[in-house]
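Below you'll find the structure, written out as structure tokens, and then a few comments.
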Amino acid sequence: MEVAPSEAAQLALPEAPLPAQPPSRPGSAAYAEKLASNLHRHVKRVQQLQAAAAARAAKQRELEQRQAAAAARAAKQRALEEQQAAANNKKKYRTEMRRQEKLAAAQARDEQARRQAAARLEQGAARGAAVAAERQEVAVLARVKHERREAARRLAQSRAEQEAAERAAFYLQRQQQKEAELRQRNEELAELRALKQRERRLAALHAKHRMELAAQRQEAARDELSRRLDAKQRRVSAMEGERAAMMRALEDMRRDIRQQEDALKEALRHMERGGCAPVQELDGLQRQLGELLQSPATRPPSSRGSTRQGARPSSRGRTAGVGTGGAAPQRGSRDAVAEQVAEASARGCSTLSSSAAVDSIGSPRIPAVHAVQPPAEAGGDRHDEAGSGSDSQQLSSRASVAHPADAQARCTVDGVEEQGRPAQQAPPLAPPVAREKLQQILQAELAREAERAVVLRGVADEADRRRLVHFFEMERANAMSLMQRLQQQMQ
């Protein structure tokens, strides 16, 4: 491969300058070193020359490849141009052929259109003649139809005039009939109005009579209540006087009991100080304690009446007592007082200081309890019976003395409640009672059926008749259900 002169000049290495004078001795060290450096430079230059030759060969190959690719592209471009020219020629040929075909088809269409126009002209002439004949026929038919329509109109007009006359006669007759019915209804309404006015007058008289009777009953009830109130006030005054006397007796007994308590406490204090009471004083104290236990405060209920009427104990001596002899009577008095208080509460008596007496049983003081009973107990049991009877009569008289309007309102409310209350809540009747009740309902239903027939015969309006029939059916259904329940109770 040849190397260009310019590249050889670039790759040429500068030669080492030769020594000015050769070494004096060829075998010396300087001479050997110089030879080695020269050899090294020469080897390096050879390597550089080889590398430059390889680079030039690579560039030459790349240049040849570029030239081959350019030739291939030129050949391809020429083939594409030839193909494009052939396609253009083919397209021009096809376009020319289509133009010639279209021209031939247009000429054929023009010829056919001319022939069709000639045929249409001939058909138009024939159709014009047919249309003229048809128009003449239509004119004849229209004249006939007009004549027929005119005859029908005259006939309809005559019929309408006849119907109008008939309708006017019918309306006149109907108006006369309605006027007669209205006159009859006005007469009936006048009679009904008179009957209503008479009924209102009778109702007013009846209400006035009832008011007078109610006022008389109320006045009589007031008098009876006044008499009973006076009798009760007298009884209350007597009871208050007896109660005051019993309270005074009770205060005397309490005073005696306090004095005896003071004596007992003094005796106890004396014993605590070391003293000793004589035997007679102890016996007297026990006797007084026994009398206290037999007093009205601790005596059984069977003997209260005699104790209340008798004199109270008069032991007022100051004595002393010791030991446990008073404890058992005190507990007995507590039980007796508790029983007495419970019995008095159950019998309705007025207990004086009952709770305080029961609570003070445990205290050193002897309790003072007395059950005050009403004077009816001392006077007799007949007053109690008369009082209870009078109370019930007083309540009934108070209920009957109410205002008539209030009584009427209460009766109305009770009737509404009885109607709204279901029939299942009524207690079952005995079979004989149910049978008698069933017979009564059956007889009443038969009488009611006759009344229904009379009422229906007297009703002229159809709507009123339907309403009455519906109402009667509801009545029959209620009566049938009630009779079925009574039959079930009879079984």
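The backbone N, Cα and C atoms fix where each Cβ goes, and this holds for glycine too.
Going by TrEMBL, these are the annotated features:
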COILED    141-270  coiled coil
COMPBIAS  1-15  compositional bias 'Low complexity'
COMPBIAS  16-25  compositional bias 'Pro residues'
COMPBIAS  94-114  compositional bias 'Basic and acidic residues'
COMPBIAS  295-309  compositional bias 'Polar residues'
COMPBIAS  389-399  compositional bias 'Polar residues'
REGION    1-29  region 'Disordered'
REGION    54-120  region 'Disordered'
REGION    294-341  region 'Disordered'
REGION    373-431  region 'Disordered'
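Secondary structure counts, DSSP: the compositional bias 'Basic and acidic residues' (94-114) has 21 helix, 0 strand, 0 coil. Looking at the coiled coil (141-270) alone, the prediction's average pLDDT is 88.
Each residue of the region 'Disordered' (54-120) gets a DSSP state, and the totals for helix, strand and coil are 67 helix, 0 strand, 0 coil.
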